[in-house]
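Peer 1: This is the feature table in TrEMBL:
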DOMAIN    50-445  domain 'Major facilitator superfamily (MFS) profile'
TRANSMEM  53-74  transmembrane segment
TRANSMEM  115-134  transmembrane segment
TRANSMEM  141-160  transmembrane segment
TRANSMEM  180-200  transmembrane segment
TRANSMEM  212-232  transmembrane segment
TRANSMEM  265-284  transmembrane segment
TRANSMEM  296-316  transmembrane segment
TRANSMEM  336-358  transmembrane segment
TRANSMEM  365-390  transmembrane segment
TRANSMEM  396-417  transmembrane segment
TRANSMEM  429-448  transmembrane segment
REGION    477-516  region 'Disordered'
Amino acid sequence: MAEEQFKPAAMEVEGAEAAASKPRFRMPVDSDNKATEFWLFSFARPHMSAFHLSWFSFFCCFLSTFAAPPLLPLIRDTLGLTATDIGNAGIASVSGAVFARVAMGTACDLVGPRLASAAIILLTTPAVYCSAIIDSASSYLLVRFFTGFSLASFVSTQFWMSSMFSPPKVGLANGVAGGWGNLGGGAVQLLMPLVFEAIRKIGSTPFTAWRVAFFIPGLMQTCSAIAVLAFGQDMPDGNYRKLHKSGDMHKDSFGNVFRHAVTSYRGWILALTYGYCFGVELAVDNIIAQYFFDRFGVKLSTAGFIAASFGMANIVSRPGGGLLSDWLSSRFGMRGRLWGLWVVQTVGGVLCVVLGMVDYSFGASVVVMILFSFFVQAACGLTFGIVPFVSRRSLGLISGLTGGGGNVGAVLTQLIFFHGSKYRTETGIKYMGLMIIACTLPITLIYFPQWGGMFVGPRPGATAEDYYNREWTAEERERGYNTGSVRFAENSVREGGRSGSQSKHTVPVESSPANV
């Protein structure tokens, strides 16, 4: 009898041991359950499913925001738009997202990227559908303004990837997710003319066909938001609400998140430089099809194809920038990431100047534009190879400020160089390149005490734990609220460079004072 009672108990113990030994995730993870590998064609939950949901939802938002420019000659003729009307609408399309991105960053810090992303996508979808009923310059400006708010989903994309992937892979993950999302800016240049032609061939008039065409990006955006809500997960260990309830994650306050973000000079510098890589990309998306159509007299479909090649370069250029950032980190640490960003973005500025100078040649303009697209988009990937290391407590808001800086750069560029008839378009492009070169210089001022900067090495004795723990009070550290920051510091050893000098200063998570 005793033997029979012992057998079920033994079986229960064996079952418990088997369950404990079974890995929680299909992908290899670090001590913070962030993925240490990047399986591009996998949908493994929660890491890779979050990746595919984030880039596709951002892709749909980009598609909606820039659905109008490929059809602009038709819209212009129907509504009687002037050059000033077109310039104002272009500015409106990217200006709204400035504040939306900052708000999105805060929302990600407080409620998580899943709810924040789905909310902004669903709130802006009605504006996409309303594009079909515009009848004046003011209504055209309004739909472009409100649709542009959806670009704030970029922030949730970058925050989500930084929450799912370990430091050695975060540059690649951010680069591919952001790049494939930005791909919408190129894809829409091909999609909208094709949709227009298909609707027109069915029997619609041009007046009706371009209006009906806007339902395609609207439906795609709606479906992407539903998918994020249904299949997304905020963190490797679960959604924010569950983690807050269980006590596994500290529920932070807006005041603390805001204070640590706005007092970081590194975040402000990255916001400035991002304004002249991603901001320039947005400005070019708004003007490039019309530039080739008007300057070289090509067909609308040809101008759309050329403009699409600029955005389509994102399929490799921005991911390439993220991959380059991670590779430079593996050899030279954070200093390599900083040098890589400065060099690539400066070369992009030089190519932009050249693009404005070769307006006499159609072939040369196309070739230089493609080269320029690779460098300016790679700089975007390199930027977000650095952003996750600026702050852990205010990661969302730092991402939002940087992303918002991109939109500020786009607004200023449009306003200064492509608004009205002050400059010819080719002249504006040349001056835009000079602005890129100038606004990239402040990267030289970024310095991390534990890793160094472009020209100065790390401070002796400085550690990543000290750097990230400064965001927490002694009482908060005592309660263990900084556990995630300490784990991130532990997994960021490589940012010290190949020498591994940083590793001797690393405090294991298990013995950290915050966890005692």
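Cβ coordinates are placed from backbone N, Cα and C, and glycine is handled just like the others.
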Peer 1: Residues of the same chain, at least six outside the transmembrane segment (212-232), with any C-beta under 8 angstroms of its C-beta?
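Peer 2: Answer is 49-50, 53-54, 56-57, 59-61, 63-64, 67, 71, 113-115, 117-118, 121-122, 124-125, 128-129, 131-132, 150, 188, 191-192, 195-196, 199, 204.
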Peer 1: Ranking 53-74, 180-200, 336-358 by the number of C-beta pairs under 8 Å to the transmembrane segment (141-160), which range is first?
Peer 2: 53-74
Peer 1: Under 8 Å between C-beta atoms and at least six residues away from its ends: which parts of the chain pack against the transmembrane segment (265-284)?
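Peer 2: Residues 90, 94, 182, 185, 310-311, 341, 345, 348-349, 352, 373, 376-377, 379-380, 383, 386-387, 390-391, 398, 401-414, 417-418, 432, 435-436, 439-440, 442-443, 445-446, 448.
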Peer 1: Hey, would you say the transmembrane segment (180-200) packs against the transmembrane segment (296-316), going by three or more CB pairs under 8 A that are 6+ residues apart?
Peer 2: yes
Peer 1: Within the same chain, where does the transmembrane segment (53-74) have neighbours whose Cβ lies under 8 angstroms from its own Cβ atoms, ignoring anything closer than 6 residues to its ends? I mean 6 or more beyond.
Peer 2: 86, 89-90, 93-94, 113, 117, 121, 124-125, 128, 131, 140, 144, 147-148, 150-151, 153-154, 156-157, 160-161, 176-178, 180-185, 187-189, 191-193, 196, 206, 210, 213-214, 217-218, 220-221, 223-225, 227-228, 231-232, 285-286, 289-290, 293, 300, 304, 307
